[in-house]
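To start, the structure itself, in structure tokens.
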Amino acid sequence: MARKAADGQEPLKKGETPLSRQFNQIKAKYPGAILLFRVGDFYETFGEDAVKASKILGIVLTRRNNGNADDHLAGFPYHSLDVYLPKLVRAGQRVAICDQLENPAEAKGIVKRGVTELVTPGVSFNDQVLDNKRNNYVASMAFPSSAQNVYGLALLDISTGEYMCSQGPLAYIQKLIQSFLPAEILYPKKFRNQFVDSFGDQFHTFSLEEWIFTYDFTYPLLTQHFKTQNLKGFGIEEMPLGIIAAGVILHYLAETEHKQVAHISSIQRIEEDKFVWLDRFTIRNLELIHPSQEGGVPLISLMDQTLTAMGARLLRKWMVLPLKQLSEIQDRQSGVGELVQNQDLLDLLLSYLKPIGDLERLISKVAASRINPRELVQLKKALQQIPLIKELLWDNSQGSLKKWADRLNPCSTLVDKIELALRDDAPMLAHQGGIVKTGFLAELDELHLLSSHGKEYLQDLQKREIERTGISSLKVAYNKVFGYYLEVTNSHKDRVPPEWIRKQTLVNAERYITDELKVYEEKILTAEDRISQIEYGIFQELIREAMEYLELIQVNAQGIATLDVLQSFATTAQKNHYVKPELLDTDIIDIKEGRHPVIEQYLPVGEAYVPNDVYLDNESQQIIMITGPNMAGKSALLRQTALIVLMAQMGSFVPANAATIGLVDKVFTRVGASDNLSKGESTFMVEMTETAAILNNLSSKSLVLLDEIGRGTSTYDGVSMAWAIAEHLHNHPKSRAKTLFATHYHELNQLADDFPRIKNFHVSVKEMGNKIIFLRKLLPGGSAHSFGIHVAQMAGMPTPLVLRAHEILRHLEKDHIKEDHDQKLKDMPKVNYQLSLFGAEIPAGLKEINDQLEKLDVNSLSPIEALLKLNELKKMINYKL
Ligand SMILES: Nc1ncnc2c1ncn2[C@@H]1O[C@H](COP(=O)(O)OP(=O)(O)OP(=O)(O)O)[C@@H](O)[C@H]1O
């Protein structure tokens, strides 16, 4: 019978080595992760991992020559971990770092190894993996066990300790996910299909076993972590699905070997009621934080004038979560106002904020014992700015900024301790000395003296002993066997003092040691080691000390982040000439000379942005119907109105001459997508169903942007739908949502005749002969006709084509709302391309174009599709002729 080995393990299998067995055992514990296995000075990957790693990292893949196909191998030097790890994580991999847990020199048998950290896209402290201007959230989503539409969501940024959860209908969870854009989402394996249905493959994900997503398992995880009896104090007790989602994240942290997480000191409930509801299309369409297409410029890139990383992160949050509470907004607004009005205050604040860096992540690293000496010095430097800022605000602020003077804490005892102990040029590594200042500890100074002035000391000793004994040829020397010794030539042997101990006799000389020499030798040889050890101890002590300040520093970090965002608003306002909006709890939006904050910055040189007034209320002008040709500026007007409202509710100043904003509770956007039909009927249906659902949930405080709604379908469907939606918004018994409706269906102008709160406007243009000049002014009244064909002409379409298009248009315009569609098709003037385009004979090469034109169903084309088609035909003509 095979006996177990001394270490209690089964005997090695055939082809197995102790190392490969150790690898397999560890690997099995971290399925789905690439295992970086430390062997000597290298991190090695094996098998499938090696194939993946070599591809992602561009490192050499080798194969061990034992015929085993699985025996791939790829590695890199351990000190390059910071270079390679981020690449793997950014490629969406989970990476388990397996280190040697004991000194190989002291190991009996195979070196003990274990995974010290599992880095995933959502759980990382690594500066190279993280983007300091963004939070790096891991999210977890809990699904309902019954058919209820209630889901749970939790988010954690381990690098800052921010932890929050919520629960609500799927659309709400989708919106949160779209706002926070987590780096990784956890969900139960069983719900894979549902998850993919809702989110596609947009996110890095990890699925976990079903049993983890249970209330009974997760609730105690949270109470144990926070050391509380229950979760009432966090306001989440009544959110079972939010709790499950949150608990799953804690479980995941333990699974990924992140066990020192004291900086996660509380959990917040994401309060749906506190923030303006922006549906996910709105976030995208308004390009608040992401460009909607490549090359686009999101609003944040303009508004981000922050100087600290935590300020930048907070700004992102404020931008996707504008406030609804008047007092809170006014508080921010008055802070910005103070800074805008007091240039000296603003300038000094900027100069004090600049050196602060990422205080929030530094204190998290303290909690996780991941801070290095250089970073601890940076933490001190950041804290040294606090008293300056406190004093500045104390002396200069009469308003809301003053409260920060109270809340910030200089943590002076900690600062003094770090200042006293750590060198300003302390290194990144904690184990190799060079950390502690001279003069901090006598023992250390002596050791430094010993190591750096060792030879001097020995010469000194030699001199002293020569003087004392009169042995002029006395020498202090060193060899490996005896260490330091005194050598005396035979002629002076009799002068050797009795306390010297003879160690070796040579032909001409004797070698001795003395107590002093041995004590000194001990000191010299171990000085370096001792220095590193003592310095490491001092450093650890400082970390412990800093831990005591965890919460105070977290409050400081929040304060600095807030001040930084306020100054960013102030700086942007000054730079771009924004004004302070007046916020009221009324139902009026009154913008004078409003501008689009982004477009105005990117106009061609010499062109000025044309400002416009927009007025909406619940009594006389609830819905404005904006017509105008393509490219006139309808979308820009819609977006700028929503952006001005949202910027106001973020607490920022706004691009206008004056603005009175009645607070808004929801912003809903729908842009008619020209590609709905090509995406298939079902997508269109889904979008319409969603639109209906949201339209039913609007209130009189909501703002709705409908841009070319209905464009994704045929003209008649489009007009009917747009018509019905406008009617619905106007006649809704409970809400009078303020609406901006941009459309190229000038038929919709008729609505204003029947519905008192619908008003027609148009974006003005001037027609000069065959040309259109865009004036971009919003003026009362509708447009008599569409201009798509003019635009086509401007784009260089051949004149005969444009004339034919006019002919079709005139026909359609006769009265096509009332008439029957089929009848219209029957009545359509007969096409005579031969005559109108090319004369009686069609040249052989143009037959194809003719065929295409004949097949074309003009009624089912949206203006964009028509343009594209015309363009295509034009290219064919150019090519054929
Ligand atoms: N008020 C303005 N002042 C100056 N330029 C403007 C203004 N409004 C819009 N523009 C410019 O005109 C371009 C087209 O505007 P926009 O997309 O809003 O037109 P549109 O009427 O919505 O057209 P379409 O129906 O084709 O979507 C913008 O990209 C911008 O460069």
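Positions of Cβ are set from backbone N, Cα and C atoms, glycine also.
Any TrEMBL annotation is an automated prediction that lacks curation.
So that you can see what the record holds, here are the features copied from TrEMBL:
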BINDING   GLY628, PRO629, ASN630, MET631, ALA632, GLY633, LYS634, SER635  ATP binding site
DOMAIN    702-718  domain 'DNA mismatch repair proteins mutS family'
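Take the mean position of the Cβ atoms of GLY628, PRO629, ASN630, MET631, ALA632, GLY633, LYS634, SER635, the recorded ATP site; other residues of that chain with a Cβ within 8 Å of it are ALA742, VAL763, PHE774.
Of the listed binding-site residues, namely GLY628, PRO629, the sparsest CB environment within 10 A is found at PRO629. Listed binding-site residues: MET631, ALA632; maximum Cβ neighbour count within 10 Å falls on ALA632. Residue density at LYS634 (ATP binding site): 25 other Cβ atoms are found within 10 A of its Cβ, drawing on all protein chains shown.
Long-range Cβ neighbours of GLY633 (ATP binding site) (same chain, at least 6 residues apart, Cβ-Cβ under 8 Å): VAL610, VAL763, PHE774, ARG776.
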